[in-house]
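Here TrEMBL flags A:86-303 as domain 'ABC transmembrane type-1'. Annotation source TrEMBL lists transmembrane segment at A:6-23, A:30-52, A:90-110, A:122-142, A:181-203, A:236-255, A:284-304.
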Amino acid sequence: MALAVVVFLALIALVLFLIGRISGRRGDRAVALGFVGPTLLLVAVGLVYPALRTILQSFQQADGSGFVGLDNYQFIFTNSDQLTVLRNTALWVVVTPFVATGIGLVYAVLIDRARVEAFAKALIFLPMAISFVGASIIWKFVYEFRPEQGNIQQIGLLNQVLVWLGFSPQQFLVNAPWNTLFLIAVMIWVQAGFAMTVLSAAIKAIPDDIIEAARLDGVSGVGLFRHITVPSIRPALVVVLTTIGIATLKVFDIVRTMTGGQFDTNVVANEFYTQAFRADQGGIGAALAVVLFALVVPIVAYNIRQLRASEAR
Amino acid sequence: MGSRTNRPAALAAGVLGLSLVLTACGSDNGGDDTASGGSGGGSGADCSAYEQYTQDFPGIDGKTVSVYTSIVTPEDQPHLDSYAAFEECTGVDVQYEGDKAFEAQVLVRAKAGNAPDIAYVPQPGLLQQLVATGAAVPAPEQTAANVDEFFGEDWKGYGSVDGQFYAAPLGANVKSFVWYSPSEFEDSGYEVPTTLDELKSLTDQMVADGKVPWCAGIASGEATGWPVTDWMEDMMLRLNGPEVYDQWVNHEIPFNGPESTAALDAVGEYLKNPEYVNGGYGDVTTIATTTFQDGGLPIIDGACSLHRQAGFYAANWPEGTEVAEDGDVFAFYLPGQTAEDRPVLGGGEFVLAFDDRPEVQAFQTFLSSDTWANEKAIATPQGGWVSANSGLEVDNLVSPIDQLSAEILQDPNAVFRFDGSDQMPGAVGADAFWKQATNWITGQSTQETVDKIEAAWPAS
């Protein structure tokens, strides 16, 4: 291992040294190639090749011995459990980015230039520092269920609140489809801080004279928010929405840690792992990966177009 | 211009320097693990029992064998200790690697050409998948001879693929146990049941006494549901006999046929009966969210009386709990239809090799010997380990439950069958069966459950 690292670094050093020896106009090109070349090579080996192989594998049998046409895709789009997986993924993607961004936006506006702004920001930003697995474990305790019998005490916060209010404790993670929403809450809890940070910076970048002019025209409160703030930070909003959207499509850790995909909470990324590695259904796993890839591409494309558009302005 | 040409050169120097630092940090950390052993009677051991390995496999001194397994801390230490004498007497260095993600990773490693020398495979189904990758090698004749001598035909069969013998059994466990509190049985005048009917009437007796007799928990992370599969396999074996059980496991009869449907319904009579479960935890659905480790614990508080779980559950009782026939908790054999038939459901690991170097074969042969089985028993002072090796002296086992397990495994009247879900293809045994069993606990009907598992069976 250590030897491999040394050889790799020595190779890079050699390449850089050789590039350094070339000068003049040809040197510029060589330097560019020297820096971009290895990256392109790594992208080809680490991204393009596996992607092509995965696509190929998605048309093959589990052990890769023969082609089965579209059977794997047909399975994903007809099997009732797989349809639940797709339904859940759709629910995640529809709910998470908008709610997380919405909370982040409202929060950013409310605390903007407030006296406790720094503290309030830190408060909502803290969950960002926690890994999804850590966040899931925390929330598992929040949702923890103890039966209503004898002298058994609730240890889950949410159920204790229910008991205080006179309701009976619930098994939050068991009853579909609500359990998916309780999982989504974890993602929102983590991502709202990210949305708030980016949007808060964007809000601060709105030139004061625009707001001043709007105020002179008699716009204030909600009107100012709707007609000035939101349009002004639209590019930032798009970036936040799409970033959280992509992260949501890939969600894996939360589902795996909290329910393991049981009780109808499975999503594509987790099902892909299960099929590919535990069930030894490589073909179906690859097909699920391709589906996930196909879902992410439009969001990424839209994101890039918006970035270009905002830069061109 | 000068500065431009110099920058890459400076970078190059920097990278070189960094690489030097990295080398210093990443200095080889192999070896030396063997020194941590020792309590297994290693130091100054009598090497006469190990001479055969240096004779049969010459030139193994100083060689290394890598072992990859799902057995992690703290259960790995007895394993390490049990190799100490072998390592000392033969000069072979055993590199042990325990990984909780073993089941998924070992296939990846075998397919990628990065297989370990030896893997401890806990499922015959996974063993077949590994052999199918073409990376595994058959066991040497010395190992086969040991297995013929010390293990039953059935165990050899589980380690074989298409008639070719690959892997010798390592550890074993007995799953057909019901945990209970001996003192509660004595105080209430309950008797250990010897037939399924007696088990049923005992349960009803407990309900009449105002108790919730059974407790259960099947949550186990991504493997949630597996305890239900054990229940069902036990019932399959009892209601339909070993031949039908084998047909069921090998998919010669459908999963949604009348036999398995009846078996799952028989489990449902216990696990889905609100009067019978879930003592100490709540209603039937709480079985799905109670971890299997917590499953039986209410027995200690007297909140429930019976918990069906394997012998290895002994490790889950809180510290200070006495596991013995006259102690705080103990287990009885889950009875058959009559007192005479004694079907036993169990599990175990198998030693699969991916290389046929002499030192690998020597270690493989050692693990299949009675020497190792007894060495391992002595190196496990906490208990919780059994082997089906007939050369294992029962007295070397410390825990009463291990002794009981070993007696059941060596009982000539017992009909042993390996855990069914572990033999089924991964798509069923490690996915659909678990998942649908969990859905069944939370309300799905028996028919829908068996139909969905049948549908998940791979076509080939």
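Cβ atoms here come from the backbone N, Cα and C positions, even for glycine.
Remember, TrEMBL labels are computer predictions, not curated facts.
Per-stretch counts of Cβ pairs under 8 Å to the transmembrane segment (A:236-255) identify A:90-110 as the leading one among A:6-23, A:30-52, A:90-110, A:122-142, A:284-304. Against the transmembrane segment (A:30-52), stretch A:6-23 has more CB pairs under 8 A than any other of A:6-23, A:90-110, A:122-142, A:181-203, A:284-304. Recorded stretches compared: A:6-23, A:90-110, A:181-203, A:284-304; the one with the most Cβ pairs under 8 Å to the transmembrane segment (A:122-142) is A:181-203. Panel annotation: around the transmembrane segment (A:6-23), residues 30-31, 34, 38 of the same chain, lying at least six beyond its termini, place a Cβ under 8 Å from a Cβ of the stretch.
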